[in-house]
Amino acid sequence: MYKKKDNYGRNSSLNNKLSIMLDVGKWPVFALLPPEELRLIRQACVFGSAANEALYVTVNDEVFALGTNCSGCLGLGDLQSTIEPRRIDVLCGKKIVSLSYGTGPHVVIATADGEVFAWGHNGYSQLGNGTTNHGLTPSLVSTNLLGKRVTEVACGSHHTIALTTDGEVFAWGYNNSGQVGSGSTANQPTPRRVSSCLQSKVVVNVACGQLCSMAVLDNGEIYGWGYNCNGQLGLGNNGNQQTPCRIAALQGVNVIQVACGYAHTLALTDEGFVYAWGANSYGQLGTGNKSNQALPTLINTDKERMVEVAACHTSHTSAAKTQSGQVLMWGQCRGQAVSSPHLTHFSSTDDVFACFATPAVTWHLLSVDGDDYLTFLVDGKCIHVHKALLKIRCEHFRALLNETDEDAIEIHQFSYLVYRAFLEYLYTDTINLPPEDAIGLLDLATFYRETRLKRLCQETIKRGISEENAITLLSAAVKYEARDLEEFCFKFCVNHLTAVTQTQAFADMDHDLLKTFISKASRYGAFKN
């Protein structure tokens, strides 16, 4: 179920969530920051060959950098290292929604406005500005992206890919193995749309290994391109691919998230299963051995449904999070090879990389807990739900959260009791409501096209039918086009006709429904002596 700390109203003021401190204490690069500064951090990223560089965003949307500043990767306009945070003025107020980095390192971000900025190492044009000159300050990446809204960026060692709201993928930079997807191995100096077999497809998630790229489609298919000598594209062979290729072995499996390690890949399905393929010399596939796999292999976690997979192109470490919040890790962990998923005491996959990965960098942009939740405001009350779970369990919210970065949604058409029961169902696969309230949930299930929930509601209503509520339940079944339930309620009413017709609900029955009921009941012979 939900996390325990008063999750049905865990903060009536959404603004208060900003006071939740992002715990960056496990990353040594932040060790010298005073507590009053640490309390202000809302987002953070640790990167670099020795995890010695960091960027962070405060609750006031100011952006700061500190560390060794290799290739100008801190974006401060110079090459000077700094042990104290320095502000990156051009990024302040930009609202970063996605951040990734390469091994140069180069850094790329996407803002809430859909703009892309890049800086740092540029020896292979991975900044997308048409040159190979290092970028000391964040610069707008504009070629072929003007008029596009980018929602997600991902970097390999020296290449970059960007995903737009339209589901298009653009790529640029180092292309020795085809990782840019252009059909050649020539470096790509500016953003170029990855087309080929993705031309008319809608991509919803992207990730990069060192020299490869992966994309998940809205229909659950997954494509890969680039370096493949370890089988990290999951195609069943070891040949590099210069254009996207669908992973045919996952036909019929609905993938919703992909994560790439140095030379291995993890995929999460809508049913909470995890598949892995690619390099496995450190056990990073979690298969119990160290043999590479060129085809997707289902990981036996022996645990509950997974809601997140995590990997980083700089390491051979893997992690996953369960529906109840448990975190598993495997692969290279502090020099050891852990070949099967190992249960940790961590509450976040981020902690796995802070404590066990080499280098100990962040695998994605760290955010305060609140950024991982969607808050529903229903009848003046708050319900906080994991965004990851919503994406996995409900097609409606999967589409919604892929289009918007909303943190709160006000619900008007359903009651608090009904909506809470719906969200509980997404966590538990069960409903616990009396039949009269299950009518409201049936309405919701119809609205969201949740077929299984609709069936559960009908079963609950059938179990709770009585002479007193039969007409009310029949009316609901007709209204929500629940044919099986309608037939069940009708037969119950006919079999208990005398008692049912004496209820207030029968007296208040809709005129058209009453006519239909009497006509149908007479055909059943209900009124014969």
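Glycine too: its Cβ is placed from the backbone N, Cα and C atoms.
Automatic, uncurated: that is what TrEMBL annotation is.
Computed from a predicted structure; not experimentally measured.
Annotated repeat 'RCC1' per TrEMBL: 61-112 (among others), in sequence order.
Sequence annotations record features per position, and here TrEMBL assigns repeat 'RCC1' to 114-166 (among others). Across the repeat 'RCC1' (114-166), the DSSP tally of helix, strand and coil residues reads 0 helix, 23 strand, 30 coil.
Feature annotation from TrEMBL assigns repeat 'RCC1' to 167-219 (among others). Along the repeat 'RCC1' (167-219), the predicted structure has mean pLDDT 97.
Taken from TrEMBL, the feature repeat 'RCC1' applies to 220-271 (among others). With helix defined as DSSP H, G or I and strand as E or B, the repeat 'RCC1' (220-271) counts 3 helix, 23 strand, 26 coil.
What TrEMBL lists as repeat 'RCC1' is 272-323 (among others).
According to TrEMBL, the feature domain 'BTB' maps to 372-435. Taking H, G and I as helix, E and B as strand and the rest as coil, DSSP gives the domain 'BTB' (372-435) the counts 31 helix, 16 strand, 17 coil.
Counting residues per DSSP class in helix, strand and coil order gives 3 helix, 23 strand, 27 coil for the repeat 'RCC1' (167-219).
According to DSSP, the secondary structure content of the repeat 'RCC1' (61-112) in residues is 6 helix, 23 strand, 23 coil.
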